[in-house]
Amino acid sequence: MPIESGSCASARQAKQKRKSHSLSIRRTNSSEQERAGLQRDMLEGQDSKLPSAVRNTLLELFGQIEREFENLYIENLELRREVDTLNERLAGEGQTVDGAELSKGQLKTKASHSTSQLSQKLKTTYKASTSKIVSSFKTTTSRAICQLVKEYVGHRDGIWDVSVAKTQPVVLGTASADHTALLWSIETGKCLVKYVGHVGSVNSIKFHPTEQVALTASGDQTAHIWRYIVQLPTPQPTADCNQVSGEDEVECSDKDEPDADGDGSSDCPTVRAPLTSLKSHQGVVIAADWLVGGKQAVTASWDRTANLYDVETSELVHSLTGHDQELTHCCTHPTQRLVVTSSRDTTFRLWDFRDPSIHSVNVFQGHTDTVTSAVFTVGDNVVSGSDDRTVKVWDLKNMRSPIATIRTDSAVNRINVCVGQRIIALPHDNRQVRLFDMSGVRLARLPRSNRQGHRRMVCCSAWCEDHPICNLFTCGFDRQAIGWNINIPALLQEK
């Protein structure tokens with residue numbers, strides 16, 4: 001009768017353990033439905049102020065955690081058995097395992113390593129599971145505080161920029177890759193004016209601080225200043241857009257996008273020529289903004305320069321050079337003659353025009369990828385966003401390091417700050433829009449599903465703090481702009 005070798009016996013023992021392990025997992029899975037049903041019955045018999053949907057979601061998440069820990073517990077038992085078997089073999093046979101010497105210290109090291117791996121796995125599983133629970137409650141709360149009010153549909157291509165007029169009547173402006181800029185009634189969503197003076201993508205739109213005049217930047221290497229006259233229509237009752245059904249992370253197909261044939265801008269008045277055309281760039285003009293007072297304007301271009309113009313004469317006052325790569329954005333201070341420009345060279349620069357004889361520049365180097373935008377806030381702070389998935393808050397008096405850093409899971413596009421409440425709106429490549437405070441604490445995420453929110457990359461955001469209906473606007477590649485009502489007091493109280 002053949003004698004079974006030690007290696008064969010070990011292999012057969014390991015195979016039996018794996019078989020026992022898989023059987024125990026099958027037994028665990030087969031009893032899940034019975035256990036879930038029993039837990040639901042127990043839960044229904046208890047008094048709770050939570051909605052039934054939230055209670056069911058909570059129960060399901062805790063069930064997932066329990067199953068993960070159960071499987072890890074079984075694996076832990078198997079590891080302990082293997083360690084005990086190894087100890088017995090070393091004590092009985094001496095020195096070698098698979099031809100290599102293994103001292104008592106080495107065995108202890110191996111066991112410690114296995115235990116460390118198990119501990120790390122437990123921590124990872126626990127963190128992932130609890131993150132699901134926290135995310136679930138965050139979503140529910142955000143829906144109550146951040147509500148979609150109006151969708152502005154009429155462009156035939158992606159929308160690059162969105163802005164709100166600073167004078168009465170307050171209107172919404174959008175700049176699109178379809179070569180047009182549109183002005184909208186915030187309350188009704190009706191297109192009021194269409195500007196068709198550009199022959200390239202309209203990349204930016206900003207309103208004059210005191211007049212009914214708009215400034216647009218374009219891929220045709222120019223920036224246009226044009227006048228508009230609007231008469232707001234009577235607001236009509238709107239259907240409730242806040243009811244959301246289905247899972248919050250549902251992906252949408254192309255057929256869900258706004259119908260290009262249903263052009264809501266076809267019957268609105270059209271402006272075909274600008275008052276002034278600013279022509280000094282040798283590349284795409286990606287952004288433009290008014291200096292305080294509205295007598296000068298600044299533009300940013302892919303030709304690596306920013307230009308300062310006199311609005312009345314259209315003359316070039318200064319050419320701001322220094323960036324090593326294409327510019328991505330420019331922004332002016334609301335009360336001082338300061339300009340900040342951002343670039344693909346991973347830096348943004350501060351230009352000071354308060355003293356006409358001195359045009360100082362400070363360079364901020366804190367990102368590792370394209371700086372997509374940099375904007376001023378109240379006081380002496382600047383907030384910058386980047387493709388490196390970070391947003392940083394800077395103190396202009398000490399530019400060596402940021403005073404706060406926000407890390408995200410997607411590239412950040414053109415950001416905007418609610419000056420009065422110091423809330424930052426971050427539009428992302430992954431269709432998310434998140435709200436943070438200036439210290440880097442996350443406040444909320446705007447709802448996003450198959451029924452509301454953006455279906456493509458979100459390009460820009462703009463706050464309108466004083467509007468009673470919509471106080472935040474976003475736009476994106478899905479060819480629509482969206483108006484949101486953010487309950488700021490509730491948002492800050494929740495923080």
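Just so it is clear, glycine is given a Cβ too, placed from its N, Cα and C backbone atoms.
Feature annotation from TrEMBL assigns compositional bias 'Polar residues' to 22-31. Positions annotated as compositional bias 'Acidic residues' by TrEMBL: 246-264. Taken from TrEMBL, the feature region 'Disordered' covers 1-36, 238-272. As annotated by TrEMBL, repeat 'WD' applies to 152-194, 195-226, 278-319, 320-361, 364-404.
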Determine whether the repeat 'WD' (278-319) and the repeat 'WD' (364-404) share at least three Cβ pairs under 8 Å, counting only pairs 6 or more apart in sequence.
no
Counting only residues 6 or more past its boundaries, what in the same chain has a CB within less than 8 Å of a CB in the repeat 'WD' (364-404)?
328-329, 331-334, 338, 340-344, 346-350, 410-417, 419, 422, 424, 426, 436, 438-440
Quick test of the contact rule: Cβ under 8 Å, at least six residues beyond the ends. What residues does that give for the repeat 'WD' (195-226)?
157, 160-167, 173-183, 270-279, 281-290, 292-294, 297, 299-301, 309, 311
Averaged over the whole of the repeat 'WD' (364-404), what is the pLDDT?
92
What are the DSSP helix, strand and coil residue counts for the repeat 'WD' (364-404)?
0 helix, 22 strand, 19 coil
What are the DSSP helix, strand and coil residue counts for the repeat 'WD' (320-361)?
0 helix, 22 strand, 20 coil
